[in-house]
Amino acid sequence: MSSNRKDDHVRHAVDQHRDRTPVNDFDAIGFQHHALAGIDAADVDLGVDIAGKRWHTPLFINAMTGGSAAATDINRGLAIAARETGLPVASGSLSAYFRDPGLAGSFRVLREENPHGVVIANVNATATLDQARRAVDLLAADALQIHLNAVQEIVMPEGDRSFRSWPRRIEHLAAGVPVPVIVKEVGFGLSRPTVAWLRDAGVAVADVGGRGGTNFARIENDRRPAADFSFLDTWGQSTPACLLDSAEVTGIALVASGGIRSPLDVAKALALGADATGVAGRFLATLLDRGAEGLIETIRAWLDQLRSIATVLGAATPADLRRCDLLITGEVAAFCRLRGIDAAAYAHRSHWWHPSERRSLL
């Protein structure tokens with residue numbers, strides 16, 4: 001991918017997120033309020049175990065960019081924000097680095113500015129094992145993230161048209177790299193059978209990457225001179241739908257990204273079964289508008305607000321949010337009916353009033 005195209009992606013992605021709060025399927029998910037369910041904020045621990053590491057928070061900065069001068073500045077700002085807030089951070093696709101090793105610095109800055117944090121290297125599904133290992137080595141990465149973007153590719157005039165080998169390649173990478181593998185969709189969602197297949201292929205984490213956030217089909221369509229693909233603007237499943245669809249798949253961690261707009265969306269995603277949540281476009285817009293200090297301030301506010309939400313809901317850990325009652329309505333409820341998911345059961349999960357569930361007040 002050329003540096004110009006990388007910069008185009010950044011510009012279009014920011015345009016989708018700046019100065020608006022789009023409606024998405026997280027609006028169809030609500031918490032049933034229980035006025036006596038609250039705990040003490042001091043009892044809330046936001047830490048989670050993901051991909052063999054202890055993360056201080058269930059929130060991370062998801063894959064964005066790299067491979068240009070502008071991308072170097074962006075990655076520096078993201079790395080500084082990650083360092084100061086304790087958030088893990090994922091690189092953009094390292095494809096540009098594989099074509100031109102001279103671009104290494106635009107990615108390596110993520111580790112240079114964040115020497116002790118969790119850094120994740122990102123490659124596409126056609127990366128060779130040698131390339132994947134080089135990506136991990138370049139960033140001293142704690143995990144390898146493989147992105148799936150078939151829909152984006154078909155909208156790109158110059159995009160890939162061959163996807164049959166992707167499953168075999170993913171298995172090869174998962175078996176051959178020295179770090180845990182994360183597989184993420186870029187905004188069109190992972191289905192239940194896909195997540196189960198990834199688990200069986202040796203993948204440690206599935207990032208469902210659902211519809212509702214940055215729309216890469218729309219970004220690529222905006223770059224096309226002809227042959228409009230705007231009919232794909234609503235392709236795929238939303239992040240809440242994907243989490244519900246994969247809730248019963250065991251043996252693999254789930255990450256929610258795609259359409260996370262606020263700390264409340266983070267809490268909803270965790271309550272739907274995510275082990276962690278990733279944010280890309282919204283944090284990118286904040287960085288470009290307010291700089292690294294502005295992003296640090298925003299992330300710290302999100303973490304404080306997430307802790308407050310967990311306190312009111314009586315959730316001492318992110319996993320405890322899965323026992324909170326959820327009201328699932330609208331198109332997400334319709335999706336559940338079609339996929340054989342008991343949405344009503346999510347409204348009757350909590351037992352906060354039972355003596356065995358409450359800490360002594362003494």
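Using the three backbone atoms N, Cα and C, a Cβ is placed for every residue, glycine included.
Of the residues proposed, T214, T234, T298, T311, the one Swiss-Prot records at the same FMN site as A63, M64, T65, S93, N122, K184, G259, I260, R261, A280, G281 is T214. Same-chain residues at least 6 positions away in sequence with a Cβ under 8 Å from that of I260 (FMN binding site) are, in sequence order, F26, G213, T239, V266, A269, T277, G278, V279, R282.
Pairwise Cα distances among A63, M64, T65, S93, N122, K184, T214, G259, I260, R261, A280, G281, the recorded FMN-binding residues, top out at 23 Å.
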